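Novice: Quick one: this structure, given as C-alpha coordinates, is what I'll be asking you about.
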Amino acid sequence: MLGFTGGVSSFVIPVYVAEFTPKNFRGGFVILHVLMITVGASAAFLIGLITSWRTLALIGMIPNLVQIVGVLFIPESPRWLMMMGKNKEFEAALQCFRGGFVDISQEAADIRDSAETLDQIEKVSTLQLFQRKYAYAHTVGIGLSALGGLVGLNGIMFYAGSIFESAGFPVKVGTAAVAFFQMYVAFYPIGVGGGTCIIISEIYPLNIKGSAGSIAAVVSSLSSWIVSYAFNFSMEWSSSGTFFVMAGVCVFTLIFVAKLVPETKGRTLEEVHMTMSNAWQ
(Lines of atoms letter the chains of each structure in order from A; the text may use other names.)
(Lines give C-alpha, C1' and ligand atoms only; values in the text may rest on other atoms or scores of the structure.)
Protein backbone atom coordinates (compact mmCIF):
# COMPACT_ATOMS: atom_id res chain seq x y z
CA MET A 1 0.00 0.00 0.00
CA LEU A 2 2.87 2.36 0.77
CA GLY A 3 4.37 1.68 -2.65
CA PHE A 4 1.07 2.40 -4.36
CA THR A 5 0.34 5.60 -2.46
CA GLY A 6 3.97 6.68 -2.74
CA GLY A 7 3.73 6.46 -6.51
CA VAL A 8 0.43 8.33 -6.47
CA SER A 9 1.90 11.08 -4.27
CA SER A 10 5.17 11.49 -6.17
CA PHE A 11 3.83 11.57 -9.72
CA VAL A 12 0.10 11.03 -10.24
CA ILE A 13 -1.14 13.80 -7.94
CA PRO A 14 1.14 16.57 -9.37
CA VAL A 15 0.12 15.59 -12.93
CA TYR A 16 -3.57 15.46 -12.03
CA VAL A 17 -3.41 18.81 -10.23
CA ALA A 18 -1.54 20.43 -13.13
CA GLU A 19 -4.17 19.21 -15.59
CA PHE A 20 -7.23 20.63 -13.85
CA THR A 21 -5.97 23.86 -12.24
CA PRO A 22 -6.03 27.23 -14.03
CA LYS A 23 -2.61 28.31 -15.31
CA ASN A 24 -2.28 31.15 -12.77
CA PHE A 25 -2.78 28.82 -9.80
CA ARG A 26 -1.06 25.66 -11.03
CA GLY A 27 2.26 26.17 -9.24
CA GLY A 28 0.64 27.08 -5.94
CA PHE A 29 -1.60 24.01 -5.99
CA VAL A 30 1.30 21.61 -6.62
CA ILE A 31 3.43 23.26 -3.92
CA LEU A 32 0.50 22.88 -1.51
CA HIS A 33 0.56 19.15 -2.29
CA VAL A 34 4.29 18.92 -1.46
CA LEU A 35 3.73 20.98 1.70
CA MET A 36 1.08 18.50 2.84
CA ILE A 37 3.58 15.66 2.35
CA THR A 38 6.02 17.57 4.56
CA VAL A 39 3.34 18.03 7.24
CA GLY A 40 2.56 14.31 7.11
CA ALA A 41 6.25 13.40 7.47
CA SER A 42 6.56 15.70 10.48
CA ALA A 43 3.50 14.08 12.06
CA ALA A 44 5.04 10.63 11.50
CA PHE A 45 8.24 11.70 13.28
CA LEU A 46 6.30 12.97 16.29
CA ILE A 47 4.05 9.89 16.48
CA GLY A 48 7.14 7.71 16.26
CA LEU A 49 8.47 9.26 19.47
CA ILE A 50 5.63 7.80 21.52
CA THR A 51 4.92 4.51 19.70
CA SER A 52 6.82 1.44 18.54
CA TRP A 53 7.78 1.13 14.89
CA ARG A 54 5.18 -1.60 14.41
CA THR A 55 2.41 0.64 15.74
CA LEU A 56 3.67 3.49 13.56
CA ALA A 57 3.56 1.21 10.50
CA LEU A 58 -0.04 0.21 11.29
CA ILE A 59 -1.05 3.85 11.81
CA GLY A 60 0.58 4.64 8.46
CA MET A 61 -1.86 2.27 6.77
CA ILE A 62 -4.78 4.58 7.62
CA PRO A 63 -3.93 7.46 5.23
CA ASN A 64 -2.94 4.86 2.62
CA LEU A 65 -6.40 3.29 2.77
CA VAL A 66 -8.07 6.71 2.68
CA GLN A 67 -6.09 7.65 -0.44
CA ILE A 68 -6.72 4.33 -2.22
CA VAL A 69 -10.47 4.61 -1.61
CA GLY A 70 -10.53 8.36 -2.24
CA VAL A 71 -9.14 8.14 -5.78
CA LEU A 72 -12.29 6.25 -6.77
CA PHE A 73 -14.45 9.31 -6.05
CA ILE A 74 -12.52 12.23 -7.59
CA PRO A 75 -13.45 13.52 -11.08
CA GLU A 76 -11.41 12.44 -14.09
CA SER A 77 -8.92 14.92 -15.54
CA PRO A 78 -10.69 17.06 -18.20
CA ARG A 79 -7.68 16.80 -20.53
CA TRP A 80 -7.63 13.02 -20.24
CA LEU A 81 -11.36 12.82 -20.98
CA MET A 82 -10.81 14.95 -24.08
CA MET A 83 -8.03 12.66 -25.28
CA MET A 84 -10.34 9.67 -24.80
CA GLY A 85 -12.96 11.33 -27.03
CA LYS A 86 -15.45 11.79 -24.18
CA ASN A 87 -16.52 15.32 -25.10
CA LYS A 88 -19.61 15.61 -22.89
CA GLU A 89 -17.77 14.24 -19.86
CA PHE A 90 -14.84 16.57 -20.64
CA GLU A 91 -17.02 19.68 -20.57
CA ALA A 92 -18.85 18.52 -17.44
CA ALA A 93 -15.56 17.85 -15.59
CA LEU A 94 -14.04 21.18 -16.63
CA GLN A 95 -17.20 23.04 -15.59
CA CYS A 96 -17.14 21.18 -12.25
CA PHE A 97 -13.58 22.31 -11.56
CA ARG A 98 -14.17 25.92 -12.65
CA GLY A 99 -17.58 26.41 -11.02
CA GLY A 100 -21.08 26.44 -12.42
CA PHE A 101 -21.17 30.11 -13.41
CA VAL A 102 -17.75 30.38 -15.11
CA ASP A 103 -17.52 30.60 -18.90
CA ILE A 104 -15.26 27.73 -19.98
CA SER A 105 -15.77 28.05 -23.74
CA GLN A 106 -12.33 29.50 -24.58
CA GLU A 107 -10.41 27.17 -22.29
CA ALA A 108 -12.36 24.18 -23.59
CA ALA A 109 -11.60 25.21 -27.17
CA ASP A 110 -7.86 25.48 -26.42
CA ILE A 111 -7.78 22.04 -24.79
CA ARG A 112 -9.82 20.57 -27.65
CA ASP A 113 -7.43 22.01 -30.25
CA SER A 114 -4.44 20.58 -28.38
CA ALA A 115 -6.08 17.15 -28.12
CA GLU A 116 -6.89 17.14 -31.85
CA THR A 117 -3.26 17.97 -32.65
CA LEU A 118 -2.01 15.18 -30.41
CA ASP A 119 -4.51 12.77 -31.95
CA GLN A 120 -2.78 13.24 -35.30
CA ILE A 121 0.59 12.30 -33.79
CA GLU A 122 1.63 8.66 -33.94
CA LYS A 123 1.46 6.86 -30.60
CA VAL A 124 4.86 6.79 -28.92
CA SER A 125 6.47 3.52 -27.81
CA THR A 126 9.01 3.29 -24.99
CA LEU A 127 11.96 3.38 -27.41
CA GLN A 128 10.46 6.31 -29.32
CA LEU A 129 10.39 8.32 -26.10
CA PHE A 130 14.04 9.17 -26.70
CA GLN A 131 13.57 11.05 -29.95
CA ARG A 132 15.40 14.34 -30.38
CA LYS A 133 12.23 16.43 -29.99
CA TYR A 134 11.79 15.07 -26.46
CA ALA A 135 15.47 15.46 -25.48
CA TYR A 136 15.02 18.83 -23.76
CA ALA A 137 12.03 17.62 -21.73
CA HIS A 138 13.92 14.48 -20.66
CA THR A 139 17.02 16.47 -19.71
CA VAL A 140 14.97 18.77 -17.50
CA GLY A 141 12.65 16.11 -16.08
CA ILE A 142 15.20 13.38 -15.37
CA GLY A 143 17.81 15.91 -14.24
CA LEU A 144 15.49 17.51 -11.70
CA SER A 145 14.28 14.10 -10.51
CA ALA A 146 17.82 12.92 -9.86
CA LEU A 147 19.01 16.14 -8.23
CA GLY A 148 15.91 16.34 -6.03
CA GLY A 149 17.00 13.11 -4.36
CA LEU A 150 20.75 13.69 -4.43
CA VAL A 151 20.57 16.93 -2.43
CA GLY A 152 20.45 14.59 0.57
CA LEU A 153 17.19 15.31 2.38
CA ASN A 154 16.32 11.62 2.74
CA GLY A 155 19.66 10.86 4.36
CA ILE A 156 19.17 13.61 6.92
CA MET A 157 15.60 12.57 7.66
CA PHE A 158 16.27 8.83 7.93
CA TYR A 159 19.38 9.22 10.09
CA ALA A 160 18.19 12.22 12.08
CA GLY A 161 18.44 10.39 15.41
CA SER A 162 22.04 9.23 14.91
CA ILE A 163 23.09 12.63 13.53
CA PHE A 164 21.85 14.45 16.62
CA GLU A 165 23.18 11.73 18.91
CA SER A 166 26.67 12.11 17.41
CA ALA A 167 26.38 15.85 18.02
CA GLY A 168 25.67 15.25 21.72
CA PHE A 169 21.86 15.53 21.76
CA PRO A 170 19.45 12.85 23.06
CA VAL A 171 17.90 10.88 20.20
CA LYS A 172 14.31 11.87 21.07
CA VAL A 173 15.24 15.54 21.27
CA GLY A 174 16.93 15.30 17.89
CA THR A 175 14.00 13.52 16.28
CA ALA A 176 11.53 16.06 17.65
CA ALA A 177 13.77 18.87 16.43
CA VAL A 178 13.80 17.42 12.92
CA ALA A 179 10.01 17.08 12.95
CA PHE A 180 9.64 20.79 13.73
CA PHE A 181 12.59 21.71 11.51
CA GLN A 182 10.66 20.27 8.56
CA MET A 183 7.98 22.93 9.34
CA TYR A 184 10.31 23.82 7.90
CA VAL A 185 12.86 22.64 5.86
CA ALA A 186 10.48 25.18 4.32
CA PHE A 187 12.64 25.93 1.33
CA TYR A 188 12.51 22.30 0.17
CA PRO A 189 8.77 22.19 -0.70
CA ILE A 190 8.92 25.64 -2.31
CA GLY A 191 12.29 24.88 -3.93
CA VAL A 192 13.61 21.67 -5.44
CA GLY A 193 10.92 19.52 -3.79
CA GLY A 194 7.83 21.35 -4.99
CA GLY A 195 9.55 22.80 -8.05
CA THR A 196 10.45 19.35 -9.37
CA CYS A 197 6.87 18.13 -8.98
CA ILE A 198 5.53 21.22 -10.74
CA ILE A 199 7.94 21.14 -13.67
CA ILE A 200 7.62 17.39 -14.30
CA SER A 201 3.83 17.66 -14.24
CA GLU A 202 3.99 20.44 -16.85
CA ILE A 203 6.76 19.74 -19.37
CA TYR A 204 5.73 16.44 -20.95
CA PRO A 205 3.15 16.41 -23.79
CA LEU A 206 0.05 14.35 -23.09
CA ASN A 207 1.04 11.59 -25.53
CA ILE A 208 4.19 10.75 -23.52
CA LYS A 209 3.28 12.10 -20.08
CA GLY A 210 2.48 8.73 -18.54
CA SER A 211 5.57 6.82 -19.68
CA ALA A 212 8.03 9.73 -19.48
CA GLY A 213 6.74 10.80 -16.09
CA SER A 214 7.06 7.23 -14.83
CA ILE A 215 10.73 7.22 -15.86
CA ALA A 216 11.26 10.48 -13.98
CA ALA A 217 9.52 9.01 -10.91
CA VAL A 218 11.77 5.93 -11.01
CA VAL A 219 14.87 8.14 -11.27
CA SER A 220 13.66 10.18 -8.30
CA SER A 221 13.11 7.07 -6.19
CA LEU A 222 16.45 5.60 -7.26
CA SER A 223 18.42 8.74 -6.39
CA SER A 224 16.68 8.95 -3.01
CA TRP A 225 17.49 5.28 -2.38
CA ILE A 226 21.16 5.85 -3.25
CA VAL A 227 21.37 8.67 -0.71
CA SER A 228 19.50 6.65 1.94
CA TYR A 229 21.75 3.64 1.42
CA ALA A 230 25.07 5.48 1.21
CA PHE A 231 24.50 8.16 3.84
CA ASN A 232 25.53 6.10 6.87
CA PHE A 233 28.70 4.87 5.16
CA SER A 234 29.47 8.42 4.04
CA MET A 235 29.09 9.72 7.59
CA GLU A 236 31.54 7.09 8.81
CA TRP A 237 33.99 8.29 6.16
CA SER A 238 33.61 11.99 7.03
CA SER A 239 30.63 13.75 8.59
CA SER A 240 31.77 17.20 7.44
CA GLY A 241 32.70 15.83 4.01
CA THR A 242 29.21 14.36 3.64
CA PHE A 243 27.55 17.71 4.18
CA PHE A 244 30.02 19.50 1.91
CA VAL A 245 29.20 17.03 -0.88
CA MET A 246 25.47 17.61 -0.41
CA ALA A 247 26.07 21.37 -0.40
CA GLY A 248 27.94 20.98 -3.69
CA VAL A 249 24.96 19.11 -5.18
CA CYS A 250 22.68 21.94 -4.04
CA VAL A 251 24.88 24.51 -5.79
CA PHE A 252 24.91 22.42 -8.98
CA THR A 253 21.12 22.13 -8.77
CA LEU A 254 20.79 25.92 -8.64
CA ILE A 255 22.98 26.25 -11.75
CA PHE A 256 21.02 23.50 -13.53
CA VAL A 257 17.71 25.25 -12.82
CA ALA A 258 19.02 28.68 -13.85
CA LYS A 259 20.44 27.43 -17.15
CA LEU A 260 18.01 24.75 -18.30
CA VAL A 261 14.63 24.83 -16.57
CA PRO A 262 12.07 26.92 -18.52
CA GLU A 263 9.69 29.44 -17.01
CA THR A 264 6.15 28.02 -17.00
CA LYS A 265 4.36 30.58 -14.83
CA GLY A 266 1.26 32.07 -16.45
CA ARG A 267 1.44 29.72 -19.46
CA THR A 268 -1.01 27.00 -20.43
CA LEU A 269 0.21 23.41 -20.58
CA GLU A 270 -0.20 23.50 -24.35
CA GLU A 271 2.15 26.52 -24.60
CA VAL A 272 4.71 24.81 -22.37
CA HIS A 273 4.60 21.60 -24.45
CA MET A 274 5.17 23.56 -27.66
CA THR A 275 8.24 25.25 -26.17
CA MET A 276 9.71 21.99 -24.92
CA SER A 277 9.20 20.20 -28.26
CA ASN A 278 10.80 22.94 -30.34
CA ALA A 279 13.69 23.94 -28.06
CA TRP A 280 16.38 21.55 -29.36
CA GLN A 281 15.04 20.86 -32.85
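Keep in mind that glycine also has a Cβ here, set from the backbone N, Cα and C atoms.
Annotations for this protein, taken from TrEMBL, read as follows:
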- 1-265: domain 'Major facilitator superfamily (MFS) profile' (DOMAIN)
- 29-50: transmembrane segment (TRANSMEM)
- 56-74: transmembrane segment (TRANSMEM)
- 135-159: transmembrane segment (TRANSMEM)
- 179-200: transmembrane segment (TRANSMEM)
- 212-231: transmembrane segment (TRANSMEM)
- 243-261: transmembrane segment (TRANSMEM)
Novice: Which one of these stretches, 56-74, 135-159, 212-231, has the most C-beta pairs shorter than 8 Å to the transmembrane segment (243-261)?
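Specialist: Per the Cβ count, the answer is 135-159.
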Novice: Just to confirm my parser: what is the rounded mean pLDDT across the domain 'Major facilitator superfamily (MFS) profile' (1-265)?
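Specialist: In the predicted model, the domain 'Major facilitator superfamily (MFS) profile' (1-265) has a mean pLDDT of 81.
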